[in-house]
Amino acid sequence: MNPKGTNPVKDKKKTAKDYASYFQTTYQPPSLKDAKKRGKEEIKIVKDFVIEEELRTIGKGKKFYIRTYGCQMNEHDTEIMAGILGDMGYDPTTDMMEADLILLNTCAIRENAENKVFGELGHLKPLKVDKPDLLIGVCGCMSQEESVVNKLLKTYQQVDMIFGTHNIHRLPQIVKEAYLSKERVVEVWSKEGDIVENLPRVRKGNIQGWVNIMYGCDKFCTYCIVPYTRGKERSRRPEDIIEEVRHLARNGYQEVTLLGQNVNAYGKDFEDMTYGLGDLMDEIRKIDIPRIRFTTSHPRDFDDHLIEVLAKGGNLVEHIHLPVQHGNSEILKLMARKYTREHYLELVGKIKKAIPNAALTTDIIVGFPNETEEQFEETLSLVKEVEYDAAYTFIYSPREGTPAAKMADNVPMEVKKERLQRLNSVLNDISLRKNQAYLDTVVEVLVEGESKKKPDVLSGHTASNKVVNFKGPKHLIGKIVKVHINDAKTWTLSGDLIEEKAGVLEG
Ligand code: SAH
Ligand code: SF4
Ligand code: F3S
C-alpha cells in the first residue's frame, strides 16, 4: 500500500472519496442514487469477450478460492468468475488457506447476510500477514452499496479489490490493476453495463445447470435492495438462451434452471417483438433435456399464457416458486407488491386448476413496518389456504436507501421472532402433511449425489422439488431413477430404489 497525502482515518469528517484518494489509485465508487435510475437507452449485446494475451498467464502457478453468499444468481456469477480465472491461468482450490486469490461474492438482502461477510473478512486478515501477496476481493451485491464500500475502505484494509455485479467481465483488468499497483482497486458500476454473451464459465457439476434469462429488477418492492444492486431489467435474446440450453442438453445435463429476479417480466424490454416467458418456455420445452425449472416468479406478471404452457407438462416441472411476501393487502400495498391477497389467491386457484399436481413454494416476510397481530394472522390464514409445499421465511431487515427503510421499523424483535416461529410451525405442519401424501407412491428422482449426512445414501429431487434419500450404487448419480417412498418427514422423503433390469421394474 502506498499512502498518499494526510491519513483521513484520523479525520472523522472525511468521506469515502478522501479514503479512496489516500488508499488507492483506481476508484469508481457505487451510488444508490444512480442505481435507482431507469433510462430508456438500449442495452448492447456484446459477443466478443476476450481475455488479452498478457492476462492469460497472470495466474499461472496460483490458486483461487471463491466463497459465494446469497441467491442462485450469485452462484452462477461465481461459475463465470471461475471460468474467467481459469482462462487467466489460475487453478481452483477448495482450501482457502492455500489460495493466492480469494473472492467473496456477497449478498446484501438482509443485515445478517452482510454481517457474515464482515465476519469472514475479519478471519481473513491474519492470512495476509503470512502471505503478503494474497489478493482479497469483495464482489457481488454488497459492493454495489455505498455504505459498504465506505466501511470496507475505512476498516477493512485487507481488501485489495472491490467490484460489483455489472462488471465481473472486467475481472482480468481488475486483478491486473491490483497486482501492478499494489494498491486497492475499487470499480463498481452503478449503471448496468451491456449484456456480455460469451463469458467463460466452469459449472458446478454436470447434472444441473443455471441459465440466466434476464438480469436486474424494476419492481422496487419497498423493502428490497436488489433493484439497486442488480440494475434495470434486461432480457437475454431467446436465441442465445435456447442455444445455451441446447448446449447443456448436448453435454448430458439433466436439468436446467432458468434464472432471473423476476422471470415473469422476461421480454418486456424487447422493443422489436412481443415475446414473453410463456413463449420462451414453449420453445425450451421442445429441447431434449429431462427437466426445466425457472425462478423467481413475481405474481403480478404471471400471465394466462404461461399457465397454459406450463400445463403442457413434459419436461416443464410441476414446481412453481411464487413469493407472496404477506397475506394482508394493506401490507402488500406498503411493500409495493402491486397485487392484493385476493389477486394472489385467484392466481393460485388458476394454477392449481390448470396443473393439479403443482407444488407451490413461497417467500414470506414477517415484521414489516406497522404489521399488526391481525395482519400477521392473515399471513397464517393465507398459508393454510394455499397449502404451500415449502416456504422461505424471513424477519424484515431494513436496507439503507430503500423506501421501507424510511418507515419506522416498529415491530419489536421479540414479536418478529415469535411471529416467525408461529409461521414456521404452521408451514411445517403443512409440509409434513403434503410429504405424507407421497407415502407408498413411486417417484422419479434425479440423483444429484451422496446424502450430506450418510455417505451410503444417495440423494436427489423429484420434479416437484422434494428431496428424496435412498440407498443405491454411486453410478446412479446423474440419472433419473424410480424410488418407492416409505418414509416422509417435514423436509425429506426416503424410500427404496426400484431396480430397472432389462426394462422390467423390480420392487
Ligand atoms: N426476486 C425474488 C426474490 C429476491 S430476494 C422475488 O421477487 O420474489 C429473496 C427473498 O428475500 C424475497 O422474496 C423476500 O422474501 C426476502 N427479502 C428481500 N428483502 C428483504 C428484506 N429487506 N428483509 C427481509 N427479507 C427480505
Ligand atoms: Fe426484490 Fe421485489 Fe425485485 Fe423480487 S421483485 S427482487 S423482492 S424488488
Ligand atoms: Fe442477495 Fe444479490 Fe441475490 S442481494 S439474494 S445475492 S441478487
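Glycine is treated like the rest: Cβ placed from N, Cα and C.
Automatic prediction, not curation, is the source of TrEMBL annotations.
Annotated in TrEMBL:
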BINDING   C71, C107, C141  [4Fe-4S] cluster 1 binding site
BINDING   C217, C221, C224  [4Fe-4S] cluster 2 binding site
DOMAIN    62-180  domain 'MTTase N-terminal'
DOMAIN    203-433  domain 'Radical SAM core'
DOMAIN    436-499  domain 'TRAM'
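Proximity to ligand 1 (Cβ under 6 Å from any of its atoms) holds for these binding-site residues out of C107, C141, C224: C224.
With respect to ligand 2, the binding-site residues C71, C107, C141, C217, C221 contribute C217, C221 as residues with a C-beta closer than 6 angstroms to one of its atoms, given in sequence order. Cα-Cα distance from C224 ([4Fe-4S] cluster 2 binding site) to C71 ([4Fe-4S] cluster 1 binding site): 14 Å (rounded to the nearest whole number). A straight line from the CA of C107 ([4Fe-4S] cluster 1 binding site) to the CA of C221 ([4Fe-4S] cluster 2 binding site) spans 17 Å. Neighbour counts of Cβ atoms within 10 Å were compared across the binding-site residues C71, C107, C141, C217; the minimum falls on C71. Secondary structure of the domain 'MTTase N-terminal' (62-180), assigned with DSSP and counted as helix (H, G, I), strand (E, B) and coil, comes to 66 helix, 23 strand, 30 coil.
Between C221 ([4Fe-4S] cluster 2 binding site) and C71 ([4Fe-4S] cluster 1 binding site), the C-alpha separation comes to 17 Å. C71 ([4Fe-4S] cluster 1 binding site) sits 14 Å from C217 ([4Fe-4S] cluster 2 binding site), taking the CA atoms of both as reference points. Same-chain residues that are not part of C71, C107, C141 yet have a Cβ within 8 Å of the Cβ center of the [4Fe-4S] cluster 1 site turn out to be Y69, G70, M73, N74, T106, A108, I109, A113, G140, V226, T229.
It is 13 Å from the Cα atom of C217 ([4Fe-4S] cluster 2 binding site) to that of C141 ([4Fe-4S] cluster 1 binding site).
The domain 'MTTase N-terminal' (62-180) scores a mean pLDDT of 96 in the predicted structure. Among the binding-site residues C217, C221, C224, not one has its Cβ under 6 Å from an atom of ligand 3. Taking the centroid of the Cβ atoms of C217, C221, C224 as the [4Fe-4S] cluster 2 site, the other same-chain residues with Cβ within 8 Å of it are K219, F220, Y223, I225, V226, P227, Q261, N262.
DSSP labels the residues of the domain 'TRAM' (436-499) in these numbers: 4 helix, 36 strand, 24 coil.
When other Cβ atoms within 10 Å of the Cβ of C221 ([4Fe-4S] cluster 2 binding site) are tallied across all protein chains shown, the result is 22.
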